[in-house]
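Visitor: Heads up, here are the entries from Swiss-Prot:
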- R37, E95, K135, K451: (6S)-5-formyl-5,6,7,8-tetrahydrofolate binding site (BINDING)
- 242-247, 261-267, 286-289: GTP binding site (BINDING)
- N242, S261, I263, T266: K(+) binding site (BINDING)
- S246, T267: Mg(2+) binding site (BINDING)
- 232-376: domain 'TrmE-type G' (DOMAIN)
Amino acid sequence: MTHFAQAEPASLSHAATLETIFAPASGQGRSAVAIVRVSGPKAGFLLGALAGYCPEPRRATLAILHDPENGEALDEALVLWFPGPKSFTGEDCAEFHVHGGRAVMAGLLAALGRFEQVRPAEPGEFTRRALLNGKLDLAEVEGLADMIEAETEWQRRQALRQMRGALSRQAEMWRQALLEALSLAEAEIDFSDEADVPPETSRRVAALIEPVLADLRAELGQARAGERIREGLSIVIMGPPNAGKSTLLNALARREVAIVSEIAGTTRDLIEVHLDLKGCAVVLTDTAGLRDNADKIEQIGIARAYERGREADLVLWLSEAEAPVAPPENLGMEVWPVFTKADRVEPLENREGLAISATSGLHLGRLVEAIADFAGKLAPSGHAGLITRARHRQAFERAAAALDRCIREASPVELLAEDLRLAAQALLSLTGRIETEEILGEIFARFCIGK
């Protein structure tokens, strides 16, 4: 063990400028174990003040925590010491693993909060410090946020890949190729009297940027796959009144989400349910029944139903098996006829669509399997591409547009260099090295306090 007096702040560059922050790093409420994380120049001091000593780095050690104000024992806990820069934030960090009772946590947090230049952390502040200290880049931070929010197996896999730097590494490889091409162009600017790019330089630049442009286009071609995995596949249930839309929603959700009634017009607004369908996140939306003689309020719901249907990845068009209704035209890219209340009629033959009964469960499993297969084609779980957010897609589009100009247009060497510079900057923005504070604030606001 290391005596507390020997534990000086390892991150001395931050000691004079940064406050020390603390926060629970585990969930709210009572639990067997709770964790409080501390980061900043006073982390070692706080560890010594409460535990009486500073343990060996990165080794869990049993200690009795005392309130420095009155010396009263707070809890028997495991404490850990992470001297910077070898820590999550890059600063001196400490962790207190205590019993998860509310009184224990309240006592520990109160004791920490009484020290000067020590304050509770803001949402995402630990991760923000990791970003500022170069421990993570912005794409990895986004992957970490997605990992915390992941609810399905596909989301977990994609988030882990992002968190481990898949996008960052690939973007940097592309950027290095563009920087090499840029150096060739700038050499021509510095050492040539010609206004246009010499043929030899043009060929060498093209050899560097054409593979990058091809890769960017390939990623943009499957851009929606990654976003679907992260945000969820949009499936909208539509059809005439009393077709069983709300009953199907409740059956797939396995709980009473929507009111089911024989009275037409019961559902007047959109009702959304988030589901885990065989590892794929799905946003299932129930809509108002479509009919001509609707009142004004119901008409608003019908208009919203059409709008959501046109935006959906998949529309399930429901109508009764005894009285099938064809779906309207231009409803969406993918529309499946689904015939409901099929347990009341003879088996349907020679009819395109799937016959089910949401009440009895007849063929409901087939519908789920069909949706899962459809989701797998839209968003393959093995490799969904690097793009998981609109921000990524926009950066790829800016880079691709600039490189396309480089190849298609016989521009003066100065314009060629500028387009190469724009493409490289677009790729650099993926890792956050030139991002604005506004974008950072939006991302970190979604983090929990202790992260």
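Positions of Cβ are set from backbone N, Cα and C atoms, glycine also.
Values in this document were obtained by computation on a predicted structure and should not be read as measured data.
Describe the structural context of these features.
Guide: Mapped onto three states, the DSSP output places E95 ((6S)-5-formyl-5,6,7,8-tetrahydrofolate binding site) in strand. Taking a C-beta cut-off of under 8 Å and a sequence gap of six or more, E95 ((6S)-5-formyl-5,6,7,8-tetrahydrofolate binding site) has these contacts in its own chain: A25, I35, V36, R37, V38, V79, L80, F82.
Under the DSSP three-state reduction, S246 (Mg(2+) binding site) is assigned to helix.
Residue environment of N242 (GTP binding site) contains 22 other Cβ atoms, counted within 10 Å of its Cβ in all protein chains.
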Visitor: What residue among the binding-site residues R37, K245 has the most other CB atoms lying within 10 A of its CB?
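Guide: It comes out as K245.
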Visitor: At the Cα level, what's the spacing in Å between K245 (GTP binding site) and K135 ((6S)-5-formyl-5,6,7,8-tetrahydrofolate binding site), rounded?
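Guide: Roughly 49 Å, rounded to the nearest whole number.
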Visitor: Across the domain 'TrmE-type G' (232-376), what is the average pLDDT of the model, as a whole number?
Guide: 84
Visitor: Would you mind reading off the Cα separation of S246 (Mg(2+) binding site) from K135 ((6S)-5-formyl-5,6,7,8-tetrahydrofolate binding site), to the nearest angstrom?
Guide: 48
Visitor: I need the CA-to-CA distance for K135 ((6S)-5-formyl-5,6,7,8-tetrahydrofolate binding site) versus A288 (GTP binding site), whole Å please.
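Guide: Their Cα atoms are separated by 49 Å.
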